[in-house]
Every structure is written in structure tokens, then in C-alpha cells.
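The domain 'Guanylate kinase-like' annotation in Swiss-Prot covers 4-184. Residues annotated as ATP binding site in Swiss-Prot, with similarity to another entry given as evidence: A11, P12, S13, G14, A15, G16, K17, S18.
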Amino acid sequence: MAQGTLYIVSAPSGAGKSSLIQALLKTQPLYDTQVSVSHTTRAPRPGEVHGEHYFFVNHDEFKTMIGREAFLEHAEVFGNYYGTSRETIEQVLATGVDVFLDIDWQGAQQIREKMPQARSIFILPPSKIELDRRLRGRGQDSEEVIAKRMAQAVAEMSHYAEYDYLIVNDDFDTALSDLKTIIRAERLRMSRQKQRHNALISKLLAD
């Protein structure tokens with residue numbers, strides 16, 4: 001069976017990364033593509049399901065996993081830990097399923113060091129003006145918060161060149177088509193096609 005591909009997807013807040021991933025998943029069968037489910041120490045929010053949205057664990061369990069190097073990457077955010085389990089990812093990839101990991105540039109660097117075969121995609125907004133408009137979309141944040149989020153977005157975007165692919169999300173449908181094209185091209189790589197069609201190739205080359 002052909003090994004699945006791990007896709008690292010990063011973008012500044014407001015670039016439409018999560019919406020693009022969710023739209024892509026709706027067009028792909030579950031046995032072909034899945035989104036990574038992270039471990040976290042934060043409490044479940046209403047409607048969240050263990051194993052579907054996150055794997056919810058306590059701080060001691062999480063630290064034990066860190067100690068045995070169970071995570072491809074992990075980070076602390078506002079007092080809670082978040083991490084990507086190496087075992088979980090590898091088990092899914094071994095079934096031939098592609099896995100999408102929605103993560104920032106720092107997490108992406110950690111994962112590339114441990115899984116250099118992963119493919120990485122960065123998504124940019126079409127302009128700062130449009131990014132500002134999207135960041136203001138909720139209409140609930142102060143100017144100070146907007147300015148902070150914009151500064152964080154610029155810092156995130158400065159790492160775009162570290163990725164394999166670049167998508168500019170000006171038109172959503174076009175960006176989604178670009179994302180699908182990347183996935184299709186990766187599935188046609190020689191390494192995956194040789195695994196997938198091994199029996200056919202053997203028969204074709206037999207005397």
C-alpha cells in the first residue's frame with residue numbers, strides 16, 4: 001500500500017487557511033484525506049468530541065508524552081499545551097491516507113526536522129489591505145488588538161519561503177483549485193505511483 005503524505009499548511013490569521021482545508025476535505029473521501037487531530041490539555045468546549053476535535057489529556061499525561069518524545073511538535077499557548085502525536089500521524093499515513101496539519105511556522109520547522117518527507121504549503125492573503133479587512137471582519141476587536149494581530153501576521157508571512165508551495169488566496173475558489181492541484185500532483189509522484197501500481201508494473205515488465 002502506498003504511504004500517505006503529510007501536508008503542513010501555514011498562513012497568517014485571516015488568510016483563509018482553515019476554510020480552505022475544510023473545503024478541500026469536503027471534496028475528498030475520508031479514506032483519502034484527513035485532518036490531524038492534536039493533543040491538548042485545555043478543557044473541551046461545548047460540542048467538542050474527544051478523538052474528533054482533539055485528544056484531551058491532563059498536564060501530567062502531556063508532560064509524560066513530551067518525556068518519551070511522543071510529539072512531532074508541541075507548544076504552550078496561554079497556559080495550555082498543544083501537540084501533534086508522531087504515532088497517530090504515522091498510523092494514519094501507513095494506511096495510505098493523506099494527513100493535513102494546520103500549524104504555524106514554528107511548528108512547521110519542528111515537523112520538517114523530524115519528517116523531512118512532509119510537504120509544506122503556505123497561504124498568503126492578496127494584500128495587506130485585504131488582510132486588514134478580514135482581521136476586522138468580526139467587528140469585535142479594538143484597534144490595539146487589530147494592530148497586534150497584523151504584526152503577528154507579518155511575522156508569520158516572513159517565513160513563506162521555507163515552504164514547498166505558495167498559494168495566494170485572492171479568490172477562494174481559485175485558491176481551493178490550487179490546493180487540489182498540489183494534492184493531485186503529489187499523488188502522481190513516482191514514489192507513490194510505484195507503490196500503488198506495483199503489481200501492474202511487475203506484470204507489464206514480466207517476460
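Backbone N, Cα and C atoms are what each Cβ position is placed from, and that goes for glycine too.
Most buried of the binding-site residues P12, G16, judged by other Cβ atoms within 10 Å, is P12. Sequence-ordered, the extra residues of this chain that approach the ATP site, with Cβ no more than 8 Å from the Cβ center of A11, P12, S13, G14, A15, G16, K17, S18, are I123, P125, R134, N169.
For the domain 'Guanylate kinase-like' (4-184), the model's pLDDT averages out at 94.
S18 (ATP binding site) falls within a helix when secondary structure is assigned with DSSP.
A coil conformation is recorded for A11 (ATP binding site) in the three-state DSSP classification, outside any helix or strand. The highest number of surrounding Cβ atoms within 10 Å, among the binding-site residues S13, S18, is found at S13.
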